[in-house]
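Working notes, beginning with the structure itself.
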Amino acid sequence: MSHNTFGHLFRVTTWGESHGPALGCVVDGCPPGVPLTEADIQPWLDRRRPGQGKFVTQRQEPDAVRILSGVFQDERTTAKFGGQVTTGTPISLIIENTDQRSRDYSEIATSFRPGHADYPYFAKYGVRDYRGGGRSSARETAARVAAGAIARKLLPGVTIRGAVVQIGPHAVDPGRIDFSVTGDNPFWAPDPEIVPVWERHLEQVRKAGSSTGAVVAVEATGVPAGWGAPLYGKLDAELAAALMSINAAKGVEIGAGFAAAALSGEENADEMRMGNEGPLFLSNKAGGVLGGISTGQPVTARVAFKPTSSILTPRRSLDEAGREIELRTKGRHDPCVGIRAVPVVEAMVACVLADALLRHRAQTGGGAHVLGENPKS
């Protein structure tokens, strides 16, 4: 199996399966001299950790991370940097799996669960780890969150915040989105008034043994103008690819996204004026990216997640012999996978932006052209 790595200069390779002994990642391209310990990574993993509410999977995993390589500490690093730092070599991270229940999946060893990757994995490789979905499980995203924690260390001036803005048919009013309150409820909701609505909806879904979809919004503020490159290194294209790679993601919008198709040119074009500290945009339909290059506006995106395919309702399917069967999925599953996707979405944005920063420095030296400056003679 190839294609387990993403990024160009800041490269992340994830490894491991849902019911294997461990999973993790290797981060290559992180510059040397960046202070880094497990304590810098663990809080981000704790935000994603399963078993923290009745509307998410009850699998109990501590998600304790260990750094195996790529860091060093002695008297000189302590004196210069204050402790352990990156060395510029590959950083290997490991997270042990401790709460596997593989017996829940014994009945589907030769059957294909509708909506899952079981059949395409079998069609491509001829062999698959059916326990919890193996490599295709959302358990893999723990490694992405760990990598994202390292990426954030390269982005001290950038703030990345995500929120669930829709569960099932119930969406947050865009005018009421407040990212600062997402930590006050179990749904990452940016509007407290939507919480009881989602609770009632999810309770109905859970009791029915079914599932529901969600939309996650993310914004990155503090991204300077100039990151990204035309034509095939567009920042929005890199973001879209990274976000679409997340398990259960079925759609990505940058800025106004598909809504832009219904706008006029006057409505969609973000007008500009000159402010005291540089250009000011009067709107942000572009989502902070024009021509594939950041504008200095907040970079914004939305990701649509499908309903969890593991449901208790019997469904028609096939087995490996081609026989028609009726299948009822067992195991511990999220009735709405989008709820726990917020830290994953944030992490993927962080990795893309860290990569964009390093590529920008490599191409231009990191400088930016400032409006109003006279060219050197």
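Note that Cβ sites are derived from N, Cα and C of the backbone, with glycine treated the same way.
DSSP assigns Arg48 (NADP(+) binding site) to a helical segment in the three-state reduction. With a cut-off of 8 Å between CB atoms and residues at least 6 apart in sequence, the same chain places Asp63, Thr141, Ala142, Val145, Arg340, Pro343, Val344 near Arg48 (NADP(+) binding site), listed in sequence order. Residues or ranges marked as NADP(+) binding site by Swiss-Prot: Arg48.
Per Swiss-Prot, FMN binding site is recorded for Arg135, Ser136, Ser137, Asn247, Ala248, Gly291, Lys306, Pro307, Thr308, Ser309, Ser310, Arg332, and the stated evidence type is sequence analysis. The number of other CB atoms found within 10 A of the CB of Thr308 (FMN binding site), across every protein chain shown, is 23.
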DSSP says Arg135 (FMN binding site), in three-state terms, is helix
